[in-house]
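Presented below is the structure to which this report refers.
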Amino acid sequence: MDNLISGFAILTQWQVVVALIIGSVGGVIIGALPGVGAAVAIAILLPATFAFEPIVGLTLLLGIYGSSMYGGAIPAILINTPGTAVNALTTYDGYPMTKRGEGHRALSLAYSASFFGGIYSILCLIILSPVLAWVAPHFGSREIFLAAFMGILLVILAHRGQIFSAAMLAFFGIFLSTVGLEPVKYTKRFTFDQSWLSSGVDLIVVVLGLFAISQALLLLVDKDHAPGDTHVRGSIFAGLKELLGLKRVATVSSSLGVIMGMVPGTGEFTSQFLSYTYAQKSSKNPEKFGDGSPEGLVASEAANNAVPGAAMIPLLALGIPGEALTAMMLSVFYVHNVIPGPQLFADQMDFVMALYMSLILLNVIVLVFLLFSTNLLLKIIQIPTRFLGIMILILSFVGVFSLRNSVTDCAIAAGFGVFGLILKRLNLPIVPIILGMVLGGIMEVKLRSAMARVKSPLDFIDRPIAAILFVMILGIILLHIRTLVQEQRERLKPQPTGDEDSTQQG
Amino acid sequence: MIAKTLQDMFRRYRRPGDIVFALLFFAFALFLLSQLGTETKVVKRTKWFAQPALWPMIAIWGMVIFSGMHLLSSVLSPRIPGRLKEVTFWLMSLEYVSYFLIYVVTVPWLGYLPSTMLFAAFLAIRTGFRSRGAIGISLTFGAVVAIVFRALLQVNIPAGRVYEYLPDSVRVFALTYL
């Protein structure tokens with residue numbers, strides 16, 4: 001109870017309140033702009049947040065993370081263009097509803113389902129907190145090494161059909177984490193006697209290049225287009241009532257979002273896929289899915305909004321980010337010398353509580369904002385894409401240059417920008433690079449400290465949690481091999497090569 | 001039957017230009033592998049898990065193996081027309097990269113506010129927004145970004161060297177806030 005009260009006290013600081021409002025409202029606008037997305041915004045704002053208190057910086061970034069998917073649903077439903085990549089599934093049922101003249105109903109349902117998913121995941125986080133506080137101290141170096149390894153494995157295997165490229169990019173990320181002067185034996189690694197490589201490759205420079213600058217270049221080089229003018233009429237409140245009739249789908253989808261959010265390397269897409277499949281299979285009208293089914297819309301939006309809250313679990317409890325956005329947030333912790341992990345729950349529970357409460361508040365602020373400002377947002381999103389590219393490029397400069405006023409950093413970020421552009425055009429994943437960089441560094445440090453006490457290979461897994469993680473890793477690999485064999489049998493039948501024009505341009 | 005099975009096994013969802021990227025990445029991985037002996041050190045009286053060369057070795061071998069398989073899958077998949085067009089698209093981005101780098105070099109000389117406004121206006125003109133209104137909006141955007149980040153958030157960006165030549169009355173203000 002004391003933690004709750006002191007957590008609330010942290011939250012009442014005016015800087016936190018301002019960060020919460022700017023993050024929430026800004027996140028909705030950013031999410032609604034097709035081609036921007038939370039990753040771009042967080043990458044740009046990351047260095048600026050280093051000047052703030054950790055709770056202020058994290059609240060701002062969490063606000064953007066948690067609210068962008070609300071905003072992304074608007075263009076997905078009304079103009080068939082997902083605002084963020086994770087709203088792609090929302091177009092399946094949202095846009096057909098708009099075509100039937102039920103745009104306001106679809107938006108209202110999407111907002112309500114998102115709100116339900118968001119609040120549900122935070123409640124799970126709060127309920128799980130005592131368990132986390134109990135389990136987290138049992139995670140030593142071996143367990144954290146195994147959990148990080150599992151994260152890398154899952155992020156590779158989650159990219160179905162792109163496993164080779166995901167693996168090569170994850171290893172590239174691990175390689176990047178090793179460049180520079182290593183801190184134990186003080187030897188140089190892959191510096192090629194260049195002084196600018198001695199300090200290594202900064203994660204934020206890579207993140208800004210791969211997410212923000214690449215997107216700016218993509219928008220600038222590609223043909224210009226702007227979303228058309230549209231507006232909604234009717235009550236947006238009705239969806240809250242309608243959601244009560246779909247509470248089974250909403251609850252199961254949110255639960256899947258929470259589970260997938262907790263598992264490193266999976267996230268929104270897997271949770272949406274599972275919840276949509278569940279909703280379709282358990283529906284009385286499965287044929288309506290993809291043609292304006294309210295259940296499909298609820299499944300998609302509840303699942304993706306349940307992920308941000310749950311993704312904080314491995315980050316806060318173990319210091320292991322499950323995806324790119326939480327990997328970026330990890331750097332905010334490190335800059336302020338707040339080390340997420342078991343000690344955070346023991347020493348700074350009020351800080352954790354303040355984060356939980358800010359997550360609840362951001363969902364409330366976003367819902368209230370959206371209920372009254374959807375038509376205003378529809379005007380804002382008409383910014384031409386090339387102009388958006390100009391805006392992102394200018395803002396990216398602040399992010400990179402403010403780190404240490406280095407022209408070299410900007411040149412490296414620009415290089416990664418071109419690399420990111422190529423990956424996006426080729427539909428290859430970017431996230432494995434970021435997770436490889438973060439988890440690779442964690443694995444190196446933890447393996448070194450863990451092996452100091454290990455005499456035989458079996459000692460590595462002689463503790464219960466390490467053994468469970470090891471069995472899980474084996475299970476994941478075996479399950480994947482089984483799926484590959486099954487798919488191989490299916491593939492022997494002739495099938496089309498796929499949509500060759502599809503890219504990740506957002 | 002075996003060839004078809006192999007081809008099917010490596011066939012995947014891809015776009016034109018994939019093989020160019022696969023080839024370049026594989027060559028890069030091989031280059032790193034060739035440098036592994038000289039760019040990392042094996043330290044005496046140090047166990048394998050603490051060797052500085054361990055993780056670069058794991059990472060580079062992983063890159064070589066998987067980029068090799070990625071390349072193989074590209075070679076075995078049917079060719080998609082439009083490779084040259086796609087590579088040209090990638091190269092076109094270098095034009096904007098060069099503008100960006102010129103802007104980066106200009107900021108410490110000209111100052112954040114003037115360079116950002118000029119950069120925004122230049123990019124607007126270059127991308128086809130040539131009306132007065134559009135240029136005005138881009139200039140305003142540049143000014144707002146500079147003021148918000150440097151004056152309000154006090155983000156770490158150095159003052160322009162030309163500010164030193166401003167009259168005393170505005171010099172200190174410009175050095176601190178613009």
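Numbering starts at 1 and runs along the chain as displayed.
Glycine residues also receive a Cβ, built from the backbone N, Cα and C atoms like all the rest.
Features as listed in TrEMBL:
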DOMAIN    A:18-435  domain 'DUF112'
TRANSMEM  A:12-33  transmembrane segment
TRANSMEM  A:40-64  transmembrane segment
TRANSMEM  A:70-89  transmembrane segment
TRANSMEM  A:109-133  transmembrane segment
TRANSMEM  A:139-158  transmembrane segment
TRANSMEM  A:163-181  transmembrane segment
TRANSMEM  A:201-221  transmembrane segment
TRANSMEM  A:315-335  transmembrane segment
TRANSMEM  A:355-378  transmembrane segment
TRANSMEM  A:387-406  transmembrane segment
TRANSMEM  A:426-445  transmembrane segment
TRANSMEM  A:465-485  transmembrane segment
For the transmembrane segment (A:70-89): best-contacting stretch of A:12-33, A:163-181, A:355-378, A:387-406, by Cβ pairs under 8 Å:
A:12-33
Positions whose Cβ lies under 8 angstroms from the transmembrane segment (A:315-335), at least six residues beyond its ends:
38-39, 42-43, 46, 49-50, 54, 57-58, 61-62, 65, 132, 135-136, 139, 144, 147-148, 151, 155, 203-204, 207, 211, 261-267, 308, 341-342, 344-345, 352, 355, 430-431, 434-435, 437-439, 442
Within-chain partners of the transmembrane segment (A:109-133) [C-beta distance under 8 Å, separation at least 6 from its ends]:
66, 69-70, 73, 77, 90, 94, 236, 239-240, 242-243, 246, 250-251, 253-255, 257-258, 261, 294, 297-298, 300-310, 312-313, 316-317, 345-346, 349, 352, 356, 359-360, 363, 366-367, 370-371
For the transmembrane segment (A:40-64) and the transmembrane segment (A:426-445), check the count of CB pairs under 8 Å (sequence separation 6 or more) and say whether it reaches 3 or more.
no
Excluding the flanking five residues on each side, which residues at least 6 beyond the ends of the transmembrane segment (A:387-406) place their CB within less than 8 Å of a CB in that stretch?
33, 35-36, 40, 43-48, 202, 204-205, 208-209, 212-213, 215-220, 413, 417
So if I exclude everything within five residues of the ends of the transmembrane segment (A:426-445), which remaining residues of that chain have a CB under 8 angstroms from its CBs? That is, six or more out.
144-145, 148-149, 151-152, 155-156, 159, 162, 165-167, 169-178, 201, 203, 206-207, 210-211, 214, 264-265, 319-321, 323-324, 327-328, 330, 420, 502-504
Beyond the flanks of the transmembrane segment (A:465-485) by at least 6 residues, Cβ under 8 Å:
135, 138-139, 142-143, 146-147, 149-150, 153-154, 157
Average model confidence [pLDDT] within the domain 'DUF112' (A:18-435):
87
